[in-house]
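Working notes for the structure below.
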Amino acid sequence: MSLSTAAVVAGGAVRPDAIRPADLRFCGLRREALGIRLLSASPQAAAAAKRKVLAAAATGNGAAGSAGFDYDLVIIGAGVGGHGAALHAVEKGLKTAIIEGDVVGGTCVNRGCVPSKALLAVSGRMRELQDEHHMKSLGLQVSSSGYDRQSVADHANNLASKIRSNLTNSMKSLGVDILTGFGTVVGKQKVRYGKVGFPDNEITARNIIIATGSVPFVPKGIEIDGKTVFTSDHALKLESVPDWIAIVGSGYIGLEFSDVYTALGSEVTFVEALDQLMPGFDPEIAKLAQRILINPRKIDYHTGVFASKITPAKNGKPVLIELIDAKTKEHKETLEVDAALIATGRAPFTKGLGLENMNVVTQRGFIPVDERMQVMDADGNAVPNLYCIGDANGKLMLAHAASAQGISVVEQISGKDNILNHLSIPAACFTHPEISMVGLTEPQAREQADQEGFEISVVKTSFKANTKALAENEGDGIAKMIYRPDTGEILGVHILGLHAADLIHEASNAIALGTRVQDIKLVVHAHPTLSEVLDELFKAAKVTGIPQAVSEPVAA
């Protein structure tokens, strides 16, 4: 929160009588976003003001001026990243259009984050109902549990439809032009779009953002039939619940689907190319997660192996998976399962965008960008007025990262330089219990400390010491923080436990704002709440050096 200079007298003291609601700023959010109105305004006046703001946004799409261009901003791709950029652009008074060749919402809403959370909500309920010991400890008796597969699938599909409709309506209500077709950059500040079988249209834009997202990555040798061998796109339809399913890859996608399938009665076998499961997580968290999420469940695994060939089930034969040693490439064994989910990550969707017209060469399919998301050409120069956000640039393949990048770009083209600190962007895995993280893992922090010559410290707290977690009989889990004891700078926070995905944001905001441990440990947390897990974590940290200002965040 900040105050206008009118409320501050010499020496930095604040005159309470001079503080007005109009002077208040909350972490950069407008008062309207927080539901705060001026004390002197009547409810009728406040409502009229709100209508005026919305009307100005809807009818004033282009208030900033687009002289000589059809639009101030054209966004290619209407996923979460494109949507976030479009809404912020209208707020800034930019005449904005968004081009979508498929459906609004992109991967996250239609084939990713949103429907998967619907399935995970079901798996969470099923786990509670099936855990007789847990229920009895709460004094509850459940005679039996079951589910209807089609109803579960419908829940996921209906949620995706609802969110997709919400995104579409939010853009339309603010005056964003939604153009249907596949967009191609045909020249400087020119975009062509159209649908197969229809004439193309060409428009001009002062600035262009590419936000085309990604598609599931399928390694060579794997045959996809969409029924017995499939990607997450197919799995989210939940057309079947196989008795035995192999999941190739043990990252976020693989872990979440293992949670769904085992809750619904499947046996799962992980196939992981690296020597340990969950290679992208902090090693200590991954080890504990394996003990909680893998070992007690009907899950086995093969590490250090590639699935060199996968053949779909046909003619009464099962799915065949040929495993080879990841290092020697020698054949190890052949698995026979009912189905196989390929969860080996995602690949950028960047073909056909006309990048060659701008002398841009992709790197493993990703569009190269600088720290401001401006596209770089083959000679290493920034391409004027052309930006790329989200999965297509590969910096951080998360929906909310794409949205943050889009907002950052809009800030820049509106005249305010903005560099996003990617180390402050949180990530979460929505298993039961959840896993979340922000910043560096412990090995990454130690490597950085060795290179730059500083010490790090690590503190941990347990959910077993949290009253709210114990009330829920959900004491499994820990929170871990890596920080600099000389300055109090928070380098990374990792959580495994009940509602970890919600708890991580206090830490991510602290990193984004440069808040030091010695300051945040003084913040009050309500009791009894899960937030006290982080409260105890911050209080456990010891800052030994002289308090210093944390260095400005840098882009990653």
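Going from the start of the chain as shown, residues are counted 1 onward.
Glycine residues also receive a Cβ, built from the backbone N, Cα and C atoms like all the rest.
Since the structure is predicted, the reported quantities are computational estimates derived from the model, not experimental observations.
Per TrEMBL, the features are as follows:
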ACT_SITE  HIS527  active site, proton acceptor
BINDING   LYS117, GLY183, THR212, GLY213, SER214, ASP391, MET397, LEU398, ALA399, HIS400  FAD binding site
BINDING   GLY249, SER250, GLY251, TYR252, ILE253, GLY254, LEU255, GLU256, GLU272, GLY345  NAD(+) binding site
DISULFID  CYS108-CYS113  disulfide bond
DOMAIN    71-406  domain 'FAD/NAD(P)-binding'
DOMAIN    425-536  domain 'Pyridine nucleotide-disulphide oxidoreductase dimerisation'
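Overlay of TrEMBL feature records on the structure.
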residue : record                       : Cβ contacts under 8 Å, 6 or more apart
CYS108  : disulfide bond               : GLY79, VAL80, VAL114, ALA399
CYS113  : disulfide bond               : VAL80, ALA399
THR212  : FAD binding site             : ILE76, GLY77, PRO348, PHE349, THR350, LEU353, GLY390, ALA392
SER214  : FAD binding site             : THR107, ARG346, ALA347, PRO348, PHE349, GLY390, ASP391, ALA392, MET397
GLY251  : NAD(+) binding site          : MET278, PRO279, GLY280, ALA343, GLY345
ILE253  : NAD(+) binding site          : SER232, ALA343, GLY345
LEU255  : NAD(+) binding site          : MET278, ALA289, LEU293, CYS429, THR431, ILE435
HIS527  : active site, proton acceptor : THR467
Recorded FAD binding residues, LYS117, GLY183, THR212, GLY213, SER214, ASP391, MET397, LEU398, ALA399, HIS400 - maximal Cα separation rounded to whole Å: 30
Inter-residue C-alpha distance, GLU272 (NAD(+) binding site) and LYS117 (FAD binding site) (nearest angstrom): 24
Recorded NAD(+) site residues GLY249, SER250, GLY251, TYR252, ILE253, GLY254, LEU255, GLU256, GLU272, GLY345, farthest C-alpha pair in Å: 15
GLY249 (NAD(+) binding site) and LYS117 (FAD binding site), distance between Cα atoms, whole Å: 19
Chain-internal residues near GLY249 (NAD(+) binding site), provided their CB is under 8 angstroms and they sit 6+ positions away: PHE270, VAL271, GLU272, ALA273, ILE342, ALA343, THR344, GLY345
Cβ-Cβ neighbours of MET397 (FAD binding site) (radius 10 Å): 21
Cβ-centroid neighbourhood (8 Å) of the NAD(+) site, GLY249, SER250, GLY251, TYR252, ILE253, GLY254, LEU255, GLU256, GLU272, GLY345 excluded: ILE247, PHE257, MET278, ALA343
Structural state census, the domain 'Pyridine nucleotide-disulphide oxidoreductase dimerisation' (425-536) (DSSP three-state): 42 helix, 29 strand, 41 coil
